[in-house]
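Each remark here refers to the structure printed beneath this line.
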There are 2 protein chains.
Amino acid sequence: MYTVTSLKAELHERGWRLTPQRETILQIFQNLPTGEHLSAEDLHVLLQQDGDPISLSTIYRNLKMMSRMGILRELELAEGHKHYEINQPAPYHHHHLICVRCNKTTEFKNDSILKMGAKTAQKEGYHLLDCQLTIHAICPSCQRSILPM
Amino acid sequence: MYTVTSLKAELHERGWRLTPQRETILQIFQNLPTGEHLSAEDLHVLLQQDGDPISLSTIYRNLKMMSRMGILRELELAEGHKHYEINQPAPYHHHHLICVRCNKTTEFKNDSILKMGAKTAQKEGYHLLDCQLTIHAICPSCQRSILPM
DNA sequence: TTAAGTGCAAAAACTTTGCATATTT
DNA sequence: AAATATGCAAAGTTTTTGCACTTAA
């Protein structure tokens, strides 16, 4: 799990810097309840409400950077834009089941999937950052509904 | 695997229609080599080149519809927009390994993942449409490179 | 001190929508 | 004939970028 100190060290390794904005963003995600995820816009609004605003462009730049470092996971759920959450190892690591009709999103755990993903990455010589199984399906309630699509 | 006939039947079931545009789009994806995927824009250009143009809005509407029917898979690769491919069962079913630095995308197969996904969906009473494991990682060549990010 | 990062505003990229017309059933 | 689908143009959403200024190291 990332701490401000380990983030700082890893940034310095690459010639980058620890800014108050990066520290704030890391803390927000670390304190987010498991299973919650934020979009760039969500984070922007949240920070404004907290009286600690960060510009949207900085948010976008840092969300991308932290995903590419493996600190955050970039989730493509059903809302039409990306969501982010902290990237945790087993046993906190999880996957998503999404209803394509009502967009209901459920988490589920399955540690053998992470193991398989790690094995696949290793076999190809890749350095693993994240591994997520996304299931698109129709939930029980939408199966019963007679609404179109 | 979908044929024009089965597509027609399934559309009719829901009060929808088989149009030449839908038939064309289905055929394009059926004839696409395994592992190739198209964005809405790719498909638009391809159809224009073939002298059989379809408007972008119709393309967007039908890609979404066919994904929600389980005919196509919606892929979130590294390009910043969705790509689509035909949704095939095992043993053609596959997953994606993506380098977050150079965006190189590799397919891999693992039928037990599809089985696990199916089991998860079933356990929750969901009707499965698609199930994809996406691995974000850094490829061997980018690990060696000294370029930033 | 100097290279990296931020904020702002503008632009770019992608996707959806309203509406008149055309088409499937 | 009636309802769905298409094409066009316009609008909406999300994300990126250029640049002057600021700041971490």
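Glycine too: its Cβ is placed from the backbone N, Cα and C atoms.
All TrEMBL annotations are machine predictions without curation.
According to TrEMBL, the features are:
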type	residues	note
BINDING	A:His93	Fe cation binding site
BINDING	A:Cys99, A:Cys102, A:Cys139, A:Cys142	Zn(2+) binding site
Distance, A:Cys139 (Zn(2+) binding site) to A:His93 (Fe cation binding site) (CA atoms, angstrom): 23
The sparsest Cβ environment within 10 Å, among the binding-site residues A:Cys99, A:Cys102, A:Cys139, A:Cys142, is found at A:Cys102
Out of the binding-site residues A:His93, A:Cys99, A:Cys102, ones whose Cβ falls under 8 Å of a chain B Cβ are A:Cys99
Helix, strand or coil at A:Cys102 (Zn(2+) binding site), per DSSP? coil
Hey, what's the Cβ neighbour count for A:His93 (Fe cation binding site) at 10 Å? 18
Through the lens of DSSP with three states only, how would you label A:Cys142 (Zn(2+) binding site)? helix
In terms of DSSP three-state secondary structure, what is the assignment for A:His93 (Fe cation binding site)? coil
